[in-house]
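The structure appears right after this line, and notes come after that.
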Amino acid sequence: MNDIILTSQKLYKSYHDGTSTVEVLKGVDLAITKGDRIAIIGPSGSGKSTLLHLLGGLDKPTSGLITLGNVNWQKINEKQRCQLRNQQLGFVYQFHHLLPEFTALENVMMPLLLAGMAVKDAEEKAINMLEHVGLKPRLAHKPAQLSGGERQRVAIARALVHQPHCVLADEPTGNLDEATASKVFDLMLELNKKMNTALVIVTHDQRIAERMDRVLVLHEGSLYARE
């Protein structure tokens, strides 16, 4: 059985500023399998977030191939990309990106409702997921009524509620104090193990990187395993 869920092959990404071309990624190859724990590290501005956006179908490469399951990102239209993202990927960012006018429960229900799930079923799954992250008593609270760590836990619940094959996380603990960051990261690893969801984290935090199964370095456009 093939457990590879997300791949990039010979991935290039360039930006033009009007007078010159900046090559950010130069032939990046990556294979992500079920349950993987991967940290991507590298200097600021090296293209780590760009790589994550490309893997998630949020941006298009200059050239190369990105495959999610058996689907080539470049061969489908934007509507199909949105549907595939919502079915198979979860995203967690440094800023939680919760919708401020909605409660924690409503924020976590959102991806399920967008996928066409009935409200009652979506509510049941969202409550269960918020219970998993220790927030069942905070279901009716809006983001402004939650602490930074609680908001990030809601964001994690939202990313995992539809049981994605892979979660792409960009500095998910970057805005949190050390103690809260450690608790949030522990939670991500626990859910990764329990749900067998691949976890790919872009981070500057060496303590986080050390706890992942694979540490990849992005430097001068190339991605390689840290020795």
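Placed from the backbone N, Cα and C atoms, the Cβ positions cover glycine too.
What Swiss-Prot says about this protein:
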type    : residues                                               : note
DOMAIN  : 6-227                                                  : domain 'ABC transporter'
BINDING : Gly42, Pro43, Ser44, Gly45, Ser46, Gly47, Lys48, Ser49 : ATP binding site
Practice task
Grab the pLDDT values for the domain 'ABC transporter' (6-227) and give me their mean, rounded.
Solution key: 88
Problem - Listed in sequence order, residues with CB under 8 A of Gly42 (ATP binding site) and six or more positions away - result: Lys48, Val217, Leu218, His219
Practice task
Determine which residues of this chain, when Gly42, Pro43, Ser44, Gly45, Ser46, Gly47, Lys48, Ser49 are set aside, have a Cβ within 8 Å of the centroid of the ATP site's Cβ atoms, and list them as they appear in the sequence.
Solution key: Thr50, Leu218
Completion exercise
Should one count Cβ atoms within 10 Å of each candidate's Cβ, the binding-site residues Pro43, Gly45, Gly47 would be headed by Gly47
Fill in the blank from the handout: Quick note, Ser49 (ATP binding site): same-chain residues at least 6 apart with CB under 8 Å of its CB -> Asp170, Val202
Practice task
Report the member of Ser44, Ser46 (the binding-site residues) whose C-beta atom has the most other C-beta atoms within 10 angstroms.
Solution key: Ser46
Handout entry: DSSP-derived class (H/G/I helix, E/B strand, else coil) of Lys48 (ATP binding site)
Key = helix
Exercise for the section: Taking the Cβ of Lys48 (ATP binding site) as the centre, count every other Cβ atom within 10 Å, in any protein chain shown. Expected result: 24
